[in-house]
């Protein structure tokens with residue numbers, strides 16, 4: 001992705017890139033079954049990157065995102081605590097512990113499935129040793145382009161110093177030939193994980 005758009009501010013340029021990236025991402029069909037080989041490859045690489053973390057913040061993939069459901073199941077089965085977003089009013093930054101796939105339910109249209117049980121506040125992110133975040137793209141400097149809602153932009157500053165944050169991407173969404181537009185509040189990620197491997201910045 002090397003095209004340049006002149007005359008747009010940062011927010012407009014981000015929206016332009018999101019439009020293009022979403023069109024490209026639509027070519028990545030979600031597994032027709034619960035999981036497929038791509039899910040397994042991504043999960044294997046994530047396990048390697050986590051390096052023994054006992055508590056991890058993750059998310060439930062939807063649509064054409066890199067699939068995380070197998071990953072979450074395998075982390076849980078391995079005894080790793082998995083913290084998942086709970087999107088309250090106005091996309092408040094709340095969390096809940098994953099207690100198994102059967103516990104996940106869609107609470108509102110257009111939102112990913114969430115765990116039931118105790119809802120934890122934003123500070124719960126300080127309980128984990130690694131963080132996995134969604135992204136539409138990441139550049140070679142670790143700049144991340146999200147979906148535009150700002151949920152993770154507000155959450156990432158709360159992550160403990162030294163805790164690695166990884167964006168999960170399709171391989172073509174790691175943009176080595178493009179510098180993504182950034183705003184003052186944007187936080188870079190520590191690395192990216194795809195089905196093809198791990199890249200740290």
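Note: Cβ is positioned from N, Cα and C throughout, glycine not excepted.
Positions annotated as ATP binding site by TrEMBL: 14, 15, 16, 17, 18, 144, 145, 146, 147, 148, 149, 150, 151, 152. Annotation comment: TrEMBL describes 60, 65 as substrate binding site.
Taking the Cβ of residue 65 (substrate binding site) as reference, residues of its chain lying under 8 Å away and at least six apart in sequence are, in sequence order, 25, 134, 168. In this structure, the C-alpha atom of residue 145 (ATP binding site) lies 18 angstrom from that of residue 60 (substrate binding site). Once the Cα atoms of 14, 15, 16, 17, 18, 144, 145, 146, 147, 148, 149, 150, 151, 152, the listed binders of ATP, are compared pairwise, the greatest separation found is 20 Å. Annotation for the binding-site residues 14, 18, 60, 147, 151: lowest Cβ count within 10 Å of the residue's own Cβ, 147.
Residue 14 (ATP binding site) sits 24 Å from residue 60 (substrate binding site), taking the CA atoms of both as reference points. DSSP classifies residue 145 (ATP binding site) as strand under the three-state reduction. It is 20 Å from the Cα atom of residue 60 (substrate binding site) to that of residue 18 (ATP binding site).
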